[in-house]
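The ATP binding site feature in TrEMBL is assigned to GLY31, SER32, GLY33, LYS34, GLY35, THR36, ARG144, LYS187. Residues annotated as ribonucleoside 5'-phosphate binding site in TrEMBL: ARG57, LYS78, ILE79, VAL80, GLY105, PHE106, PRO107, ARG108, ARG148, ARG159. What TrEMBL records for ASN112 is CMP binding site.
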Amino acid sequence: MGTMVDASKDIDWSFPGDKKITVVFVLGGPGSGKGTQCANIVKHFGFTHLSAGDLLRAEIKSGSENGTMIANMIKEGKIVPSEVTVKLLQKAMLESGNDKFLIDGFPRNEENRTAFENVTKIEPEFVLFLDCPEEEMERRILNRNQGRDDDNIETMRKRFKVFVESSLPVVEYYDSKGKVRKIDAAKPVDEVFEAVKVIFAPFNPEENRLNITKRMGLENIIYCIKWLFRDVWSILTNILSKVLFWRTICRDP
């Protein structure tokens, strides 16, 4: 059975005050490659990938009181309160034991955004925005075979319209704060990930260690050159002074 996480319940899902939590929102239209790139980031950079939609579906499937409430709201055509979704995300983040998170397809709108920041007290490190033309996303969705009911042209166009009207304002908000990292997601998957790797490089401890090692190696070389030059100069100066001394003596009658 799932755990009740209704926003009306007084449950403390807050993070320890001394723990630095890194959150990256991954946004893009349907078919822009969010899931594929998130999987690559998880593999190479140690993030935990969370999808608000997956968490809602899992809560419904669990048969919990909260899941039943969510299912009934969806059946009635109502919007699930943002705080309910945020509580599910927050609970999953705490249970993961990690401190670096990719949140895929969220926030979907400004209400989601404000609820997340107000409830978790966390601002995203940045937003990874996978920018892809509608025609390319449409082609990808029609070509993929995931057995999803929403993989059809009509539903895809509705989802894209919702993304433009509701999610792009979120991207624009964070862009105004200098927190958007925009990627051309129309390119092949490998090329897109090469661009993504540049953005996430600071989160790769192994690469950072290599960079430090290289930098230390260069510093040691520079130090050795300075030390060698100093000693050579000292020797040359000493020889020159002796030569001048003997020349002076030899010239005296």
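Yeah, the Cβs are placed from backbone N, Cα and C, and that goes for glycine too.
Since this is a predicted model, take the numbers as computed values, not measurements.
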LYS34 (ATP binding site) and ARG57 (ribonucleoside 5'-phosphate binding site), Cα-Cα, nearest whole angstrom: 18
GLY31 (ATP binding site) versus binding-site residues ILE79, GLY105, PRO107, ASN112 - nearest by Cα: GLY105
Residues near LYS34 (ATP binding site) in space but at least six apart in sequence (CB under 8 A): VAL26, LEU27, GLY28, ASP104, GLY105, LEU130
Chain-internal residues, separated by at least six, CB under 8 A from GLY33 (ATP binding site): LEU130, CYS132, ARG140, ALA185, VAL189, VAL192
Site extent for ATP (largest Cα pair distance over GLY31, SER32, GLY33, LYS34, GLY35, THR36, ARG144, LYS187, Å): 17
